[in-house]
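Marked as site 'Transition state stabilizer' by Swiss-Prot on the basis of sequence analysis: R13, K20. According to Swiss-Prot, the feature site 'Positions MEP for the nucleophilic attack' maps to R150, K206.
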Amino acid sequence: MHLLIAAAGSGRRMGADRNKLLLPLAGKPVIAWTLKAALAAEHIQWIGVVGQEIDREPILDLVRDANKPVTWIQGGSTRQESVLRGLAGLPEAAEQVLIHDGARCLAEPALFDRCAMALASGQALIAATPVTDTIKRVDADGVITDTPDRSELWAAQTPQGFQVDQLRHGHAEAEANGWTVTDDASLYERLGWPVQVLDAGPSNIKVTTPFDLNVAEAVLALRQQD
């Protein structure tokens with residue numbers, strides 16, 4: 001299976017002056033934990049890291065002794081553009097691809113393998129987790145307008161897996177129609193293509209704020225105790 005890791009993050013919400021993926025977490029950069037899990041996943045054979053040139057050297061330094069191919073791909077100005085460039089950088093033989101946010105550094109090898117095996121059946125999928133909070137829909141004035149049925153709500157995460165040709169077609173449609181999406185599954189929704197959810201468990205958080213870093217540190221400490 002081919003894996004693209006989106007690594008063109010910023011440190012704005014962290015209050016940092018550099019890519020949040022290079023901030024320290026339990027003695028290593030955040031993205032080092034993401035790469036460690038991906039490299040340990042049995043079903044991942046090739047990894048493409050999509051990022052900005054300024055981060056190329058420090059990120060590639062983390063995988064100098066990798067046990068499988070790791071390729072750098074220059075990212076774009078948005079996540080959507082970066083994924084499109086990542087797709088262009090895949091090996092010609094790639095038929096299926098997993099796309100993962102570098103900031104989801106608590107993803108374990110087993111999650112990558114589960115997603116890879118599920119994708120091998122042909123169905124597009126996303127890692128996700130059932131919503132446990134009561135969600136409110138509000139208007140522009142902050143007034144509640146609706147309470148969606150929680151049993152139907154899942155928080156979308158990554159990895160997300162797709163057939164390469166179909167995902168390329170989806171991005172071509174997005175460019176032609178001026179669509180802006182925050183994840184690739186949204187393209188499939190707009191085009192009426194089915195996407196399955198795969199329960200990722202509670203720990204697959206995205207490190208975005210200083211609080212998230214503290215949570216990730218605690219989770220990693222617990223794992224080391226086990």
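Any Cβ shown, glycine's included, is placed from N, Cα and C.
Not measured: the values here are computed from a predicted model.
In this structure, of the recorded sites R150, K206, the smallest number of CB atoms within 10 A of the CB marks R150. According to DSSP, R150 (site 'Positions MEP for the nucleophilic attack') is assigned to a helical segment. A helical conformation is recorded for K20 (site 'Transition state stabilizer') in the three-state DSSP classification.
K206 (site 'Positions MEP for the nucleophilic attack') falls outside any helix or strand according to DSSP and counts as coil. Of all Cβ atoms in the shown protein chains, 25 besides its own fall within 10 Å of the Cβ of K20 (site 'Transition state stabilizer').
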